[in-house]
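Working notes for the structure below.
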Amino acid sequence: MTPIVFIDRDGTLIEEPPDFQIDAYEKLRLVNGVIPALLKLRDAGYHFVIVTNQDGLGSPTYPQASFDGPNALMLQIFSSQGIVFRDVLIDRSWPADNAPTRKPGIGLMVAYLQDRDIDWARSAMVGDRPTDLQFAENLNIRGFQLRTPQFGGDWDWDGIAHTLADAPRRAVVQRHTKETNIRVEIDLDGAPQARITTGLPFFNHMLEQIAKHAGISLQISAVGDLHIDEHHTIEDTGLALGQAVRQALGDKRGIGRYGFDPPQLPWQVSGAAAHGGFTLPMDETQASAVLDFSGRPYFVFEGTFVRERVGDMPTELVPHFFRSLCDASGMNLHLSVHGDNDHHKVEACFKALARALRQALQRHGHVLPSTKGAL
């Protein structure tokens, strides 16, 4: 789905003159900061639509020809910098006409309201007047009023671009079945912290490792049918956590995508004992994780456990948890472990995954890390 920034023209993209009509080339002035802000939003996946009231356009007091030349030059300037507008919607009525197509009315928006490919949750309206904020409210999207001497306002273009393009990646998932009731809250950019309650203390401890070593904020509350066994609680927690990660990532623009062990790190093992991926030791144990947020879930596990359970967590459910996590998050994960102590082996698996996640989740600009155009 595509987010759209709906943008007023006069006073928002271009400076508004005292007579409120840009009907001559010499009146054309771009608003400060608009081009770098729109480039940042474009790179974050936003499309742009101009929505403007032009009082009496086409009348003797505002001839169409006087409007067309400066408007075409404005669009050409933006286009020369890589900024293209998906549409230009113009209402030509007078305020006294009270037309439904005139902002803050949304009569010009019928086609967009019927478009199911628009990400309305991330879309926004930017303008310089209170009527632009009312327009945003009527569309049920966020509104930003640019700071101007004429109409006030609290925002500049740099702040708007930062707020929309660098928005925190958060998600809340509630999974309720006849077997479990699970709530996951995740903030991929929050301070590393964890509040975990699953009814399984060792499993809690492992999930805390993900939050700590991935560098994310994670809250999980799971109530399951532990009187039967642990399977449903562990499996459904993996599914809910995976769904939360997927939702928080959004369209995945700017992420590292891959989690692996950079070869220059001093703790990477070489030679016959080397394992591909993010490799870490825990005493006699060594675990490796390599992952890809490709959107194609796949899980490969290499390792064995001797004990039936570690604490209150059955060891057969360790790979099952990771498989559930992959299925719901759209992640491809290869995980391997070898050692002597099953406690160390389980914990090293969770820590290796977490460190690979840290790398894959980091943002580096706003470019989508795929040649296909979607992940």
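Glycine residues also receive a Cβ, built from the backbone N, Cα and C atoms like all the rest.
According to Swiss-Prot, the region 'Histidinol-phosphatase' annotation covers 1-168, on the basis of sequence analysis.
Under DSSP, Asp8 (active site, nucleophile) is assigned to coil, being neither helix nor strand in the three-state scheme. Under a cutoff of 8 A between CB atoms, and with a sequence separation of 6+ in the same chain, the neighbours of Asp8 (active site, nucleophile) are Ile50, Val51, Thr52, Lys103, Met125, Val126, Gly127, Asp128, Arg129, Asp132. Under the heading active site, nucleophile, Swiss-Prot lists Asp8.
Residues or ranges marked as Mg(2+) binding site by Swiss-Prot: Asp8, Asp10, Asp128. In three-state terms derived from DSSP, Asp128 (Mg(2+) binding site) belongs to neither a helical nor a strand segment and is classed as coil.
Residues annotated as active site, proton donor in Swiss-Prot, with sequence analysis given as evidence: Asp10.
Here Swiss-Prot flags 169-375 as region 'Imidazoleglycerol-phosphate dehydratase', drawing on sequence analysis. Per-residue confidence over the region 'Imidazoleglycerol-phosphate dehydratase' (169-375) averages 91 (mean pLDDT, predicted model).
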Which of Asp10, Asp128, all binding-site residues, has a Cβ with the fewest other Cβ atoms inside 10 Å: Asp10
Other same-chain residues whose Cβ falls within 8 Å of the Cβ centroid of Asp8, Asp10, Asp128, the recorded Mg(2+) site, in sequence order: Arg9, Gly11, Thr12, Leu13, Glu16, Thr52, Gly127, Arg129, Asp132, Leu146
